[in-house]
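Novice: Just passing along the structure, written as structure tokens.
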Amino acid sequence: MANQEDIFKKVISHAKEYGYIFQSSEIYDGLSAVYDYGQNGAELKKNIREYWWKAMVQLNDNIVGIDAAIFMHPTTWKASGHVDAFNDPLIDNKDSKKRYRADVLVEDHVAKIEAKIDKEVTKAAKRFGDSFDKDQFLSTNQRVLDYQNKATTILKRLGQSLEKEDLADVKALIEELGIVCPVSGSKNWTDVKQFNLMFGTKLGASADTATDLYLRPETAQGIFVNFLNVQKTGRMKIPFGIAQTGKAFRNEIVARQFIFRMREFEQMEMQYFIKPGTQKEWYEAWKEKRMKWHLSLGMGKENYRYHDHEKLAHYADAAADIEFKFPFGFKELEGIHSRTDFDLASHEKYSGKKLQYFDPELNESYVPYVLETSIGLDRMFLAVFSNSLVEEQLENNTSRVVLKLPAVLAPTKVAVLPLLRKDGLPEIAQKLVNELKWNFNVVYDEKDAVGRRYRRQDAVGTPFCVTVDHQTLEDETVTIRHRDSMEQQRIALSEVKGIIAKEVDMKEWLKGI
Ligand code: GAP
């Protein structure tokens, strides 16, 4: 079996080869941690965004969507706490001169301990065969329990030190764990320092009158400052939500792992405004709701888990991540945060404007509490893309590379292939393309043997291929081939649209959530 690093390299090269993701400004050797989406990537990204928007806005009577600007009044970021507290703890290695996030160094160390647990499980599964009970093994094997205990203790201490801003203890922890610089191999570390992640820019024509601005580091604040506008114009009653998708910018220092951590990325966020005191129940409800959304895509229950935060952000009284099993292990995909009234109350204070809701049932006004769900669109893209890419051994001793994207998200839904480039077959195929393209993205491909064309569509992730052959001339039937099972069926030309429509209909995918 290929190791994690090899699998991840394959994901990155496949994304490039098939027009999904390119390094930004590649002809100038690229820009670190900035990426462009190609012709297929843009479609997949749009489909993920739409899948989220439909589930969040269209299917919830009490959630509406907005589209706020990236630039905001600079006081926004003072009020939100980002100017003072949106920092990463950094540490330099004096020998390699490389800079790291101190918390990531510790988390990577913990990931190695967790990998040892996985190894024990694999070994035991082999030893015990069919009678192996993973849960029982995890809760009784002494070696595994020791590893788990070690990992939990380290993460707890890290969380507490960061919470208390005790950066000396973070350094002490790195030293005690014997963490070495991956480049120099030395333990020669500087002190840990805080570094603000916001990008600054200027608004205005001349240097002396220009105003300092920030590129927004989260989309959420565009929702908070519009809370009353939406509530009043939409006559919204608590509980209600405001959703939006859009770009956010962070000067990430440890920007690696492809599109997992970028400097310019897109978020899909929803702020749910609730009555103070009800935050616990809404927190649990949204944790569950969001997990259901993820599971609706059928990417395997075992690939998700919750991770409750030890260290809470400056605005939260509870927070959890939905983690996904990326090629480099379980990592945060989405955050669910109970943000209390921190943001609205702070904007009230800094703006001098009341940001309250009059509750007709209680006959009183209050600053609502907020429950937030926040997912990175690019990170969701990586989850979907990496999970879908598989290399399959086939019966005839060959293999195929197939991108098993959920059909509802696939950039192109169907490829139409005339078996030969003659006898009127291309004309019938083109006619079918012209009909289907009103409903789906369709490609027409007549080059190479049909087997090779199937492989090309497998690799790019097209869920259906429809082949027009000589029998079509006689009885108006075609072959439809399903990407994942490679099964082929003979169906009437007139049925093609209906069969595909059902398989890619968002309603069919989302109705279980
Ligand atoms: N409004 C809350 C907020 O922004 P966050 O946990 O900092 O919370 C939310 O970010 C989500 O945004 C993350 O779960 C992740 O999916 C995505 N995200 C954050 N930083 C990112 C980055 N540098 N590159 C790509 N996605 C990122």
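Note: Cβ is positioned from N, Cα and C throughout, glycine not excepted.
Remember, TrEMBL labels are computer predictions, not curated facts.
Sharing the features that TrEMBL gives for it:
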BINDING   Arg101, Glu218, Phe265, Glu266, Gln267, Met268, Glu269, Glu372, Thr373, Ser374, Ile375, Gly376  substrate binding site
BINDING   250-252, 260-265, 332-333, 376-379  ATP binding site
DOMAIN    198-418  domain 'Aminoacyl-transfer RNA synthetases class-II family profile'
Novice: Should we count any of the binding-site residues Arg101, Arg263, Thr373, Leu377 as near ligand 1, judged by a CB under 6 A from one of its atoms, and which?
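Specialist: Cβ under 6 Å from ligand 1: none.
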Novice: In whole Å, how far is Phe265 (substrate binding site) from Arg379 (ATP binding site) when you measure between their Cα atoms?
Specialist: 9
Novice: Enter the number of other CB atoms within 10 angstroms of the CB of Thr373 (substrate binding site).
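Specialist: The answer is 23.
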Novice: Neighbour count, 10 Å Cβ-Cβ cut-off, for Arg250 (ATP binding site): what number do you get?
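Specialist: Taking all protein chains shown, Arg250 (ATP binding site) has 22 Cβ neighbours within 10 Å.
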Novice: Do you know offhand how many angstrom separate Glu252 (ATP binding site) and Glu269 (substrate binding site) by C-alpha?
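Specialist: The separation of the Cα atoms works out to 20 Å.
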Novice: Could you state the CA-to-CA distance between Phe265 (substrate binding site) and Arg250 (ATP binding site) to the nearest Å?
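Specialist: With distance taken Cα to Cα, Arg250 (ATP binding site) is 8 Å from Phe265 (substrate binding site).
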Novice: If the substrate binders are Arg101, Glu218, Phe265, Glu266, Gln267, Met268, Glu269, Glu372, Thr373, Ser374, Ile375, Gly376 per the record, what's the largest distance between their Cα atoms, in Å?
Specialist: 26
Novice: Measure from the Cβ of Arg261 (ATP binding site) and count the other Cβ atoms within 10 Å, all protein chains considered.
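Specialist: So the Cβ neighbour count for Arg261 (ATP binding site) comes to 20.
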Novice: May I ask which residues of the same chain, at least 6 positions away in sequence, place their Cβ under 8 angstroms from the Cβ of Arg101 (substrate binding site)?
Specialist: Asp88, Pro89, Leu90, Ile91, Ile253, Val254
Novice: When a 10 Å sphere is centred on the Cβ of Ile375 (substrate binding site), how many other Cβ atoms does it contain?
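Specialist: Cβ-Cβ neighbours of Ile375 (substrate binding site) within 10 Å number 25.
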Novice: Using DSSP, would you call Ile375 (substrate binding site) helix, strand or coil?
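Specialist: Note: Ile375 (substrate binding site) is in a strand by DSSP.
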Novice: What kind of secondary structure is Glu269 (substrate binding site) part of, going by DSSP in three states?
Specialist: strand
Novice: Counting other Cβ atoms within 10 Å, pick out the least crowded of the binding-site residues Arg263, Arg379.
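Specialist: So among Arg263, Arg379, the binding-site residues given, the one with the fewest Cβ atoms within 10 Å is Arg263.
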Novice: Taking 10 A as the limit, how many CB atoms besides its own sit near the CB of Glu252 (ATP binding site)?
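Specialist: Glu252 (ATP binding site): 16 neighbouring Cβ atoms within 10 Å.
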Novice: Closest to Glu269 (substrate binding site): which of the binding-site residues Arg261, Arg263, Leu377, going by Cα position?
Specialist: Leu377
